[in-house]
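These come from TrEMBL:
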- 321-516: domain 'Glycosyltransferase 2-like' (DOMAIN)
- 67-85: transmembrane segment (TRANSMEM)
- 105-126: transmembrane segment (TRANSMEM)
- 175-200: transmembrane segment (TRANSMEM)
- 487-516: transmembrane segment (TRANSMEM)
- 522-540: transmembrane segment (TRANSMEM)
- 667-685: transmembrane segment (TRANSMEM)
Amino acid sequence: MAPRFDFSDLWVKETRRGTPVVVKMENPNYSIVEVEEPDSAFQPMEKSRGKNAKQVTWVLLLKAHKAVGCLTWLATVFWSLLGSVKRRLSFTHPLGSERLDRDRWLFSAIKLFLATSLAILGFELVAYYRGWHYFKNPNLHIPTSKLEIQSLFHLLYVGWLSLRADYIAPPIKALSKFCIVLFLVQSVDRLILCLGCFWIKFKKIKPRINDEPFRNDDVEGSGSEYPMVLVQIPMCNEREVYEQSMSAVCQLDWPKDRLLIQVLDDSDDESIQQLIRAEVTKWSQKGVNIIYRHRLVRTGYKAGNLKSAMSCDYVEAYEFVAIFDADFQPNSDFLKLTVPHFKEKPELGLVQARWAFVNKDENLLTRLQNINLCFHFEVEQQVNGVFLNFFGFNGTAGVWRIKALEESGGWLERTTVEDMDIAVRAHLHGWKFIYLNDVKVLCEVPESYEAYKKQQHRWHSGPMQLFRLCLRSILTSKIAMWKKANLILLFFLLRKLILPFYSFTLFCVILPITMFVPEAELPVWVICYIPIFMSLLNILPAPKSFPFIVPYLLFENTMSVTKFNAMVSGLFQLGSSYEWIVTKKAGRSSESDLLGLTDIESKKMANQILRGVSDSELLEIGQVEEQKKQPVSVKKTNKIFHKELALAFLLLTAAVRSLLASQGVHFYFLLFQGLTFLLVGLDLIGEQMR
């Protein structure tokens, strides 16, 4: 709106000087008359003037038309949403529900909790409509004498109120206070990590290397000063990603006589084995020093695969080993940015690079994962690397000194987190780690909820297995006492055990219970202010994700049931604590021309390759090419997740109960959290599984 400049006072002073004059003409078409109030001629007319019944009718019709249009638009959006949900659920396979054979204990507990909540809600609704609003106003007098009791149902309700206040509320209050203390401790830890990250940024602290750590020899020839590096690519049925990862690794900038690439294929599908073997043959014909290994006895999952590869005799000639999972695509200068850090640092055992994600903007699920992983690498790994020289190895995109692996006992098959296991044992043996936040390796995050859930289950059950197995080794080790305290209290207990415990217990158990036991109601700052503040801290490393702060907060609470279940299973060896399921990948390329460039090079060298192979190899290559051209039939299915659905109905039931008590913040939190559980339980977040 344009600014209004009011000069009426000045104008009035000037025009009121002199005698008023009226000018008339013989045939006047107009007249000039003095106006006492200059603005009076421009005063708005009264709303009641100039309107008749017809105009009022038209105004009402226009407003009604606008309201009907708005309602029609909302109905169209809602109907479209229901249609998309129906189409998504139509892919649900009759046997596509989540298996609960091994983890039925938690689902049974949630079902019992839900049934109890529904019974109490029905009880409260009947009491509410009979006018017994004791829960709405706790200060009301609760009848105790027989004369004040109206009926048997009234007697039962009064007894329930007394039982609730005297016996149920006190233990719930104690448990909630304990969880709130854990919540605050974990929040302080998260805040300290963020402050440490800010300090690193402010002081520009980062590991540095000399300008020319090695002699600039031609990488095609022999580089005598370059150390011998072994590169391992463990994979298992990785049809979607094997080609692009091998292409990226085979183009690493390092003297070819100082580099060996091991493709460690644990695939049980013969067609995939044939494809990977043909890809190895293609790069071998191009002059790359690459070999293919396939185990006949596939034990120990990834740890067993790496252990088997390290037992080869030729490994003794190599000083360092770089590990890349099948979906990782390192840049060509990866080794030149990581290996030089080992020079003149005999105590350094590991150099870890950062992950970057090619599909972080694919859907809402990948965006939410990107927030967590950005905080993990930008804050947790970087702060621990700078101030402690220790962090958990991420299992890939890292370079190990082979001597450190051997002195620490090598790869062990005792847990599903072999990367964390070797990192803890190397730390106990005095080896130091370096984290490079500026060196990024592209990879994928799971695009379906089922794949993400299985990944998180492994990531949270494995650390509890490891903690139970290595606690005695930590206590009896010769490292400093503060390092032992950091390992036990912070690394394992606070960040691996306490976090999933309090998040599930506080927001998925205690909060809905307090809706039925208002004497133990949680304060608003616990369920609103601090979670939002902590979510803001988590999103700081990924500022573009600020619009997703509310979905992120709700989804993290939703994932707490999976993490809690995994933590308990790993700690007490329950259910599927030692189950390893390969995370499904989509096979998205990091660069649009990465594979295109490889295809061009392969076409240029096709004649040279075909000249050097036998007739049987030529026949095998032809079969592989035909297999690649054949379209793979893909059927997407939906799954139903029972624990998430049961918790959705539980939270929605608690939301109805909070609505009766007029608890605004609690109601909205429970409502949206319950809807989030419902969407996740129906597998409506992320892509469908193939």
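Cβ coordinates are placed from backbone N, Cα and C, and glycine is handled just like the others.
The recorded stretches the transmembrane segment (522-540) and the transmembrane segment (175-200) share 3+ CB pairs below 8 A when only pairs 6 or more apart in sequence are counted, and are therefore in contact.
Confidence over the domain 'Glycosyltransferase 2-like' (321-516), given as mean pLDDT on the 0 to 100 scale, stands at 95.
Sequence-remote contacts of a segment are chain residues at least 6 beyond its ends whose Cβ falls under 8 Å from one of its Cβ atoms, and for the transmembrane segment (667-685) they are 85, 88-89, 92, 363-365, 449-450, 507, 511-512, 515, 527-528, 550-551, 554-555, 557-558, 638-652, 654-655, 658-659.
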